[in-house]
Structures are given as C-alpha cells and as structure tokens.
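S.K.: I'd like to ask some things about the structure below.
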Amino acid sequence: MTQMSQVQELFHEAAQQDALAQPQPWWKTQLFMWEPVLFGTWDGVFTSCMINIFGVVLFLRTGWLVGNTGVLLGMFLVSFVILVALVTVLSGIGVGERSSIGSGGVYSMISSVLGGQTGGTIGLLYVFGQCVAGAMYITGFAESISDLLGLGNIWAVRGISVAVLLALLGINLAGVKWIIRLQLLLLFLLAVSTLDFVVGSFTHLDPEHGFIGYSPELLQNNTLPDYSPGESFFTVFGVFFPAATGVMAGFNMGGDLREPAASIPLGSLAAVGISWFLYIIFVFLLGAICTREALRYDFLIAEKVSLMGFLFLLGLYISSLASCMGGLYGAPRILQCIAQEKVIPALACLGQGKGPNKTPVAAICLTSLVTMAFVFVGQVNVLAPIVTINFMLTYVAVDYSYFSLSMCSCSLTPVPEPVLREGAEGLHCSEHLLLEKAPSYGSEGPAQRVLEGTLLEFTKDMDQLLQLTRKLESSQPRQGEGNRTPESQKRKSKKATKQTLQDSFLLDLKSPPSFPVEISDRLPAASWEGQESCWNKQTSKSEGTQPEGTYGEQLVPELCNQSESSGEDFFLKSRLQEQDVWRRSTSFYTHMCNPWVSLLGAVGSLLIMFVIQWVYTLVNMGVAAIVYFYIGRASPGLHLGSASNFSFFRWMRSLLLPSCRSLRSPQEQIILAPSLAKVDMEMTQLTQENADFATRDRYHHSSLVNREQLMPHY
C-alpha cells in the first residue's frame, strides 16, 4: 500500500516541539531571560484580587464605619457592597462564557458585547477610576507614615506619596513577573497582620484609647447606628465601597494567564468569599471591644487592638502599596488595548509594548502622571466618592452587557436537533470542523500562538478531513487487462476528469465513517440525511459485482444529491454557526449567572450612584457622553458588538405595549424583493470551440446533470 507524501512546513518539526512544550511555572523561569511568563488561578487571579480588596479602607475606615452604622447595619453594608461586586463578577463570568475577553480585561469584555464605541468610553472611565484609586491608596499610606514620623505638613504627605509612586512605577516597568512575586510576599504579610489583629483582641486591653475588651453591654450599645454630624448611610457607603473595587483585577490579567477560562472565575469567586468573611470579622470584633467615640474619631483604633502594633501598620502600608500597584498594573494594559484597536486615534502611540509580555511602558507612564496629579488632592474622603462613581459606572456596564447578551441569545430560534438512524453510514471524507472551543479570556499561551494560521495546522486539518491513503489501486483486482474492448477504453476516458478530481482531493470512498458522537450531534439534520441516503446507495453498489471503471463514477450521484439540498444545508449550517456563539460551558458557577439578577444589579448600581454623589454622577455621565460621541466621530468603523441586535428600549416597549390597551399593536410589514422583469439576461461563451485542443479534456468546466439523464448510462 502506497502512502501519499504529506505537505509539511519547512520547520514543522521545530514548530511541533514548541507547540508540545509546556510553559514553565514562573518560579522556574530565569530572571533575565526574555520569555513570556504565564500564571495560574492562585498565584495570578486570587493574589491580585485579594491584594486589591485588602486596601486602605479596611485598615483605616472599618472602625469609622462601625462607629457610624453600628455592628448590625455595618455587617449589612459590608454584605451589600460585596453583593454588588459579586453580581458584577458573575456577570463578567457569564460574558466570558458566551463571548471572549482579550488582554484588555474589562474593556475587551464590554467592547465585545456592546461594541467598540461603548467599550472605549467605559474603558477610559475605568482607567481614570483606577488612577484615582491609586492616588487614594498612596495618600492613605503617606498619611500613616507622616503620623508615625510626626510630620503634620500636607506637603510632607504629598512628597511621600510621590516617592512611593515612583518606586511602584519602577516595579511595573520591570515586568509582570516581578509584580506577581511581590504580590505573593505582600499577601503573606497581610495574612500575618490580620492574624495579629484577631489575636490582639483576646490578649490585652487599652482603656485609655477606647479598647476596653469584650462586653455584652458594649456590643449592645454599638449595635444600632449613630451617625456623626453630616454623615448618613449613603455617605458611609460611598467611602467604604472602594474596598470592593478590586474584584475585577482578575479579569484584567487575562493576557497573562495559562488557562484564563478556568482561572478567572475560580480565583475571583474565592477572593470575594474570603474577603467578605474577613470584613465581617473586622466589623464584629471592633464593635464588640471598642467604644463608639474611639471608633468614630480614631482611624488607627485597630492598631491599638493588635497584639503588635507594628505588624498592623506593616499590613496597612503593604495593603496601600499593593492596591496601588494593582491599579498601575491593570489600567495601562486596558489603555494599551484601547490604543491597539485604534478606538481613539490620538492614543495610538500607547499601543506599543516591550518584552515578551508586551509591557505597556508608555501607558504606564501616562497613568502614573494622572495618579500623581490626584495625589496632590491629598484627602482619602474626597477621593473615595470619585473612585466609587467611576467603578459603579463600570459595574453598570458589565451587568448590562451580560443581560443584553443573554437576551440576544434567547431571541435566536433553536436549530432542530439531528436524528441519526442506527447503522447508517456517513461521509468519512468530511468531518465536522466547527469543533466547540473553550471560552477564551485572553491569551491561550504560546502553544496556540505557534499553531494558529500556519501550514502545519492546515496540514493537520486536512489529514483529519481526508484520509491520505490510496486504497483503490491496491485493493481492487486487475482483471481483463489484456482483452480491453473499445467500450471499456471509452468508459475509462469518460471517467478521467472525475478520477482526476478524486485523486486531487484524495477521497477514500470505501472507508467506514468515523464521526464522534459529540461532533455528529451538532451537524444539521438535513445534511446528515442527504449524506446517508447517498452513501448507503454507493456502499451497496460497491459491494456488488461492478466493473472497475464504474467505481469512480459513483461520485456523480453524491454530487447530485448534495446539489439538491445545498440551499437548505447552507441555511442550517449558518444558523448552527450563529448559535455556536451563544453556547455556554457547564460548570458549578454557570448556574449562578442570571441575566435578571444582572439587570437588577445594573439598576441598583445606577440608583446608588445618584444617592451617593449625584453631582459626581452627572459629571461622569456628561464626560461619558462627550467621549462616546467623540469616539463615534474619530473612529466610525468600530465593530458593533455581539449584542448589537438587542435594544433595551425596544424590549421595554414590547413589554409595555400589551399592557396599554389603548395603544394598537404594530402592524406586520413584509418586504418584497424588486422585480427584474425588464432586465434581459443571456449566457455567452468567451472562447469559441475549435479543433486545436480537441484531444484535451475539459477541465474547469461545470455542468448540471440530472439523475434521470445519468441512470441509463450506468
């Protein structure tokens, strides 16, 4: 049996070795080797989320929150903040399962659903919010250092903030590998600081500073809210909400993860759950052991509770630095993705990256300058509402993205499930190539980047599609070679064209089908039935006593059967491809994603924005409208997004119209194709027939032949 020589790429062996080589873990990589570094669930997503959630607000404002809202309402406020963040995380997970998230994180997620114009607007506001949040974290760190050193001057606080910002800028420019290594160390120190606070609440007292220990009377006194002058539930909520703004940090790491489809959901949900538990512990312990006056006016009351005060201060400093570093990591990469997609042409220079991980040096410098500008504001309580409004607007966009994507997918009509008959044989020469892919959150590692779009991958697909064997010449007996009649020679000349076509595509017509069950279930029913009937007839003919020359002509009935149902098959295949966009993977967190909960979260977040600071909300919406129309004028050719067919206002109108009896339902409209009766069309032949090439077969010539015309000849 002879084997056909396969077409190989020039360096296909090296490409195969690179594709099969697994990326090394980050701790095994050499420090000064220029190679991309990818991370996993716990060292990448979980660490980044926890570092961003455990910020200045936890260490400096938890006691102030308990002193104003009390223990009971404080727990409710913390749970409500975490719930708003959890709804957004689940919405992001739902979008990631139905769509794809690139290296742009939040921007890529919103842009793929709502379009580049909306995604660019929300992405720029999110970057701005990250810069303001970084300034808030650095300011909190500088305030603590200045109090520790006895420096009450505001310029001392600003000088310390600028120095810390420059140090973090250097770490970010060094690469993501150093950021993750530093984050692991900082997370360990934060755990030690939290343990020191919990142990200190049991081991000692400090009545002079309001730490009097556990007392039922004290806990009862601190249970109900008692606000300071000028404070309310929503002002406290506005100050405390930035504590949960780090939940989207895992989505911003999509380009630096080995398996983003599995790492982002698991790491983000684990970080949210552990953070909620630790926040509840802090609120309960502070309300049970400290007086209300100390909780209100002493921002460092938790430092008096700790067993070793310097460990708590170390955790405060580390949390401030880590949260700011997380903002300096995510914001430049979002800005880089916006620049690479040319959403705003003026920012195209920020799309360049250096190193194997494409570190956005220019974007890091720009975000650092914006952060430095807000450092000079110098007050945490002033910066916190600005951060809250920007992040709440981003959460509204993410929640609405998942809702619109779900509603758009529900509006699709389902494709009928294919029914396969037992014992039926199908095509062996064409397996289904629309294999279901896992949801992509960004980079899939170097393995896929090597294979995608290369000749090696094309050859692999062709090997799967066509069995590269020539069983026809070796398996069929050669009979009657010596006594050939003119009729057999004529029959051989007739099949020359079809035999050449068969050899060109290397069809193996006698091989049994090899469709996997899970792949065959996704093929259209009409296509399966047509192929079964065609190939069942051919199998029965090939097993009979037929001459050698008629075997190649069995391809003609197959082409005839397929040409009759080609229109219906094309429609079903196109509908199948359209519905593949909305297929969801099954996992334990898939059932937690609900579009109606996302819609409720979007509406609730929008209302909370107006209640906290309606002035900041109106300013943000005005800026968003200006940026939106500017992007529409500067880049009019941006994609519309996966949910462009869904309109919230049309959906609301369709719900409200049946309830309004006075309004008539819209009449059905039918669009008719224009008639072309006045246009005459005729076919002509460009080259005239002559005797110069009479002996040459007619290649590249097609004709439509009915089954009835062919049957008398065979």
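Just so you know, glycine gets a Cβ as well, placed from its N, Cα and C.
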S.K.: Tell me which residue from N221, N645 Swiss-Prot records as N-linked glycosylation site.
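M.R.: Per Swiss-Prot, N-linked glycosylation site applies to N221.
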S.K.: What parts of the chain pack near the transmembrane segment (123-142), using Cβ distances under 8 Å and only residues at least 6 beyond its ends?
M.R.: 55-56, 60, 104, 106-107, 110-111, 156-158, 160-161, 164-165, 242, 245, 316-317, 319-321, 323-324, 327-328, 330-331, 334-335, 337-338, 343-344, 367, 370-375, 377-380, 383-384, 386-387, 390-391, 393-394, 620, 623-624, 627
S.K.: If I count Cβ-Cβ pairs under 8 A between the transmembrane segment (154-173) and each of 72-93, 309-331, 622-643, which range comes out on top?
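M.R.: Comparing 72-93, 309-331, 622-643 against the transmembrane segment (154-173), the winner is 309-331.
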S.K.: Out of 99-116, 266-289, 309-331, 383-403, 593-616, which stretch touches the transmembrane segment (233-254) the most, going by CB pairs under 8 Å?
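M.R.: Checked against 99-116, 266-289, 309-331, 383-403, 593-616; highest Cβ contact count belongs to 383-403.
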S.K.: Out of 99-116, 185-205, 360-377, 383-403, which stretch touches the transmembrane segment (593-616) the most, going by CB pairs under 8 Å?
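M.R.: Looking only at 99-116, 185-205, 360-377, 383-403, the most contacts with the transmembrane segment (593-616) come from 383-403.
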S.K.: Do the transmembrane segment (72-93) and the transmembrane segment (383-403) share at least 3 Cβ pairs closer than 8 Å, excluding pairs fewer than 6 residues apart in sequence?
M.R.: yes
S.K.: Using a Cβ cut-off of under 8 Å, list the residues of the same chain at least 6 residues beyond the transmembrane segment (622-643) that approach it.
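M.R.: Distal contacts: 98-99, 111-122, 124-125, 341-346, 393, 401, 404-405, 407-408, 581.
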S.K.: What are the sequence-distant neighbours of N221 (N-linked glycosylation site), meaning same chain, six or more residues apart, C-beta distance under 8 angstroms?
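M.R.: Looking at Cβ-Cβ distances below 8 Å from N221 (N-linked glycosylation site), excluding near sequence neighbours, one finds R292.
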